[in-house]
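Here TrEMBL flags 10-410 as domain 'Enolpyruvate transferase'. Marked as phosphoenolpyruvate binding site by TrEMBL: 23, 24. The UDP-N-acetyl-alpha-D-glucosamine binding site annotation in TrEMBL covers 96, 125, 126, 127, 128, 129, 309, 331. Marked as 2-(S-cysteinyl)pyruvic acid O-phosphothioketal by TrEMBL: 120. For 120, the entry in TrEMBL reads active site, proton donor.
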Ligand code: UD1
């Protein structure tokens, strides 16, 4: 097992960093490739992440040909053969996001059997909204022996109101609706940039999707979709993580290719804290002076609110801003586990229901800590940059799901960080 070792205390980050294509965009895009019954699909700017390898396996398991040219960051998918209906437990259990194959398989084959995603450390994460939407489009859903089966010879258009703007449900329903008879309207749809990227991709494949990025998405079904070439949108969460890293080390970092509009909620909070954030032709530049950082109050919300996927990293930043900050987590019910680990580093914090109170500006000490989920792993590494002494972060399996060469990118900015082989960890 590998670990990340950070020598903390003097890690002012300076320079520029390049970010990858978005994990949360490419996973549904890969699922959508199976909708193309004609021609090959080429995805460019694909990040090299374990979640991408998992989704490639899921799509291969459906009988599509998938080639990943890692050097070129390109995935080519040929889904012109007979697509099979089953996404088995061995892959879905590795990654919850594989549930987004349900809509595309059903639309293409008329019958889908997808393993139920299991529990998750950050929350219970039901999929009722995915299933309700598909039922409204005419699917018969049954759940047996850990599998969801959905059947519909012909999905039909429907008017669907989502109780909550779920990202995954919006994606599943959008994809299913592309091949349904008639018009589907999804109200209270998720508005994340990754939803917009998926809609652009589907339209490039011949679909008729309108309104992505707003609360109402309208999809007019077509007979079939074809392959295309598409460049994956940049990863706003990876970009945001480096923006936070720069801010909390009193650094000066240009995050190349970061999209200002996608990071608006984060930028507004950084500005409120006293961080300098500017839009430059090559990306977003973040400069900060630690003595100027002010405590702030943040609440996570669906986009365009503050992203829950930046919550853990932002709490790391709160630890260096003098005074009492609060973080309210409204999207997932159990996403503060990193704070328990940070307490081992000397953090004064208190969690009451969905609100964490963080007392910033206290000296933290390096410690041995464990990643509890993907974004928590980044948050703990960032905290290690500012703590005194050595921090050792274990369970990097989480980090590798969503960050490509994270320690190398930080080291290039001047961080004292290494990734080492360690034998004492049990998975
Ligand atoms: C996606 C992102 C994840 C991010 C999350 C919220 C991917 C691969 N993952 O996850 O990184 O943290 O959006 O921005 O893109 N819910 C229900 N019923 C449902 C579906 C969701 O109650 O049928 C609830 C969930 O339990 C959760 C909330 O809605 O509390 C948000 O979930 P959702 O937007 O669906 O997140 P994901 O698509 O799973």
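Placement of Cβ uses the backbone N, Cα and C atoms for every residue, glycine included.
Note that TrEMBL annotation is computational and uncurated.
By the criterion of other Cβ atoms within 10 Å of the residue's own Cβ, the least surrounded of the binding-site residues 23, 125 is 125. Of 96, 125, 127, 129, all annotated as binding-site residues, the residue with the shortest Cα distance to residue 23 (phosphoenolpyruvate binding site) is 96.
Between residue 309 (UDP-N-acetyl-alpha-D-glucosamine binding site) and residue 24 (phosphoenolpyruvate binding site), the C-alpha separation comes to 10 Å. With a 10 A radius on its CB, residue 309 (UDP-N-acetyl-alpha-D-glucosamine binding site) counts 23 other CB atoms from all the protein chains. Taking the Cβ of residue 331 (UDP-N-acetyl-alpha-D-glucosamine binding site) as centre and 10 Å as the limit, one finds 21 other Cβ atoms among all the protein chains shown. In the vicinity of ligand 1, defined as a Cβ distance under 6 Å, the following of the binding-site residues 23, 24, 126, 129, 331 are placed: 24, 126, 129, 331. Each residue contributes its Cα atom, and for residue 127 (UDP-N-acetyl-alpha-D-glucosamine binding site) and residue 24 (phosphoenolpyruvate binding site) these two points are 17 Å apart.
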